[in-house]
Structure formats: C-alpha cells, structure tokens
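As recorded in Swiss-Prot:
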type     : residues                             : note
BINDING  : 72, 73, 152, 180, 200, 201, 202, 238 : pyridoxal 5'-phosphate binding site
MOD_RES  : 203                                  : N6-(pyridoxal phosphate)lysine
ACT_SITE : 323                                  : active site, cysteine persulfide intermediate
BINDING  : 323                                  : [2Fe-2S] cluster binding site
C-alpha cells in the first residue's frame, strides 16, 4: 500500500531538481567559497545564485540582505536577539499567543532570565490577531514586533504588512516568521515596512538544516554567531553550500507553484469531511488561510488516536504541530483560540503539497469516517452525543 503523505507543514519531500542541483557540491565542487583559488569559485557563484533566487521568491530588493542559517529557528533567534541588541534602551517585545515555539520559547527565556517584557497578543476563535490589543501594546519601549505570516497549525494568515506599519509608528522593528508562508502564498516584500523575515527550505521542498533570514537594507543588525567574516560578517562559519544550493533551487521551483490547484484539493478534503463526519469543524480563518492547510476538530474523538489509526492505514497527518506533538494536551494554538474542550482534543492538521492527488484525498475520505466513529464509540461521552 502506497503511503499518503498529508503532513507537509511538518516537512516536505525534497524536490528531485533540488537534489540534482546539490549533488555536485557534495562531490567534485567541494571547495570553500571563501577560498581565492579555483576550487572555491563554483561554490562562491552558487552562493550568489541562491541568494538571488531567494530574493526573487520573496519579492525583495536586490540590494537587501539574505543571511543563510541552519533553519527557521536560528533565523528567528537571530532576528530577535539582533533587535534587542540594536537599541538597549528598548526592552520590550510584542508577539502573539500562537507563534511557533522557536519564537515563544525564546521570548519566555528572555522574560525569565533577561528581564525583557513580552506582550503576547491574543487571537479570536478563528486565530485572527486582536488588532486593538496589538495597538495598545505598542510603545516607545518596544524593540521588536515578531509575528508570523501564517500559522503552522491552522493556516490563518496575519495582515503582516499593516502590522509592520503600526510597529514602525512606535519606532519598533518588525520581524515575521514566514516559515509556513514562503512557497505557499505569493510574497512581495518590496515596498513594505517589514524589516526581517525568516524562512526554512524544508517547508517548500528544499533540504533540511538550511534556512534564511532576510534583512531590509539599512536595518541595524548584530550577529548571533561570531567568528570569521563569512556572509559579510553577519554569520560566522563556512557556509553549507550543498544545502544553500538546494534552497536556491527549491526557491526557483516555488516561484512557479500552482497554489490554486492545491487549494481546490484542500477544499475537496474539507467538504468531504464535513459531509461525512458529523460534529466536525474547520478551524482557522475561513477566508485568509494558507491554500494547503486544513485543521479540523472532531468532537468526542482523541486526536492522537486518529493520527495513529490513520498511520496504520498508510495515511500521515498530525495532531497540532509536529514540534509539539506527543503531548496529550491540545496545542497552545488550539488553546489560544478557545476551541471547546470536546473538540480541542480532536484537532487534526491536514497539510497538502503540489504532489498531493485527488485520489489521495478520496482515500482519506474513505478511511477517516469509520476511524472517528470507532473512537467516538469508546468516548465517555458516548456515540449518542454526536447525533
């Protein structure tokens, strides 16, 4: 039985074109891009080409900066630490209650260990940011606003361009964790007031272990990793050329992505579930949402059990984010949205890619309803509750 993979917000399959682009730099083109001799020239050229590809994917000015990192977590950490170092008189950060752990865990540490005040803006039942609470949190004491472009669990998209404008009025820098958005929705940074953006290659069919932090031209910056002068002194250490090349090729491929086709399959999935499974609800903004992401909560069914039973049937999904999976409590995102208790424990994330097929969606729709029925029959609430 061929496996159906519907967990693309956790990671994606490496594009064959990205792999082929990487292979020479794992073999004959092994040179250090900082070397002056001939062996370093091809890696140096590849580094520049990848930088241009990423800038094009995110619609950024050619003279802005791309800082290659080990992934989204390092990019987020670098942005937050740099903003705090840029103006020591500002010791406050504004973020949201539904950010990825890469941002929230660092903010928790800064608050507990370094005396930074963190404002965590709430969201409504669809995962939309409370704009009035956001406005109220902004002040001349805020060094940085860090808000995600799109949520990794529900797919809800934040209006980051307008949020960045409000941050600048208070004199704060604006960073967006766009790890789940890049490659899935069109992004044009040119002309916006966004200062920094994080991305990760493995979320759009590039390799794991490589990401990037985009910096708007003129943004004050302090490096997280010091040492050599690689990447204009912004990140020390010999660059991961094979990974960066794979990131660049994945960026080129993502520019031609058909988001509309993925959206149609996601809608087919949601409509099919709602038609076949009573007491199911789609979580997230009904309109402003990633085209590949569907978070569905099933009343009176345990999400972890749904995941395990689907896995036995050869279908890969997740309950909440993979980074938070394993806990029996609903994720912090689901809790922040105040999803009712009976549904919160049954939240499942389905995330598609351009490789997802209609046949795979139909396979899920065949297998899922009896699994939910089976689990509800075991529920202490009883199967009668869902009728």
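Residue positions begin at 1 at the first shown residue.
Just so it is clear, glycine is given a Cβ too, placed from its N, Cα and C backbone atoms.
Annotated features taken from Swiss-Prot, shown on the structure.
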residue: 72; record: pyridoxal 5'-phosphate binding site; contacts (Cβ under 8 Å, 6+ apart): 100, 102, 177, 179, 198, 199, 200, 203, 211
residue: 73; record: pyridoxal 5'-phosphate binding site; contacts (Cβ under 8 Å, 6+ apart): 102
residue: 180; record: pyridoxal 5'-phosphate binding site; contacts (Cβ under 8 Å, 6+ apart): 9, 148, 149, 150, 151, 152, 155, 203, 290, 293
residue: 201; record: pyridoxal 5'-phosphate binding site; contacts (Cβ under 8 Å, 6+ apart): 71, 207, 208, 210, 211, 243, 246, 247, 250
residue: 202; record: pyridoxal 5'-phosphate binding site; contacts (Cβ under 8 Å, 6+ apart): 11, 12, 14, 71, 208, 209, 210
residue: 238; record: pyridoxal 5'-phosphate binding site; contacts (Cβ under 8 Å, 6+ apart): 32, 33, 34, 228, 230
The number of other Cβ atoms within 10 Å of the Cβ of the residue listed as 'N6-(pyridoxal phosphate)lysine', counted over all protein chains shown, is 27
Sort residue 200 (pyridoxal 5'-phosphate binding site) into helix, strand or coil using the DSSP assignment. strand
Taking 10 A as the limit, how many CB atoms besides its own sit near the CB of residue 152 (pyridoxal 5'-phosphate binding site)? 31
State, in Å as a whole number, the widest CA to CA span among the pyridoxal 5'-phosphate-binding residues 72, 73, 152, 180, 200, 201, 202, 238 given in the record. 31
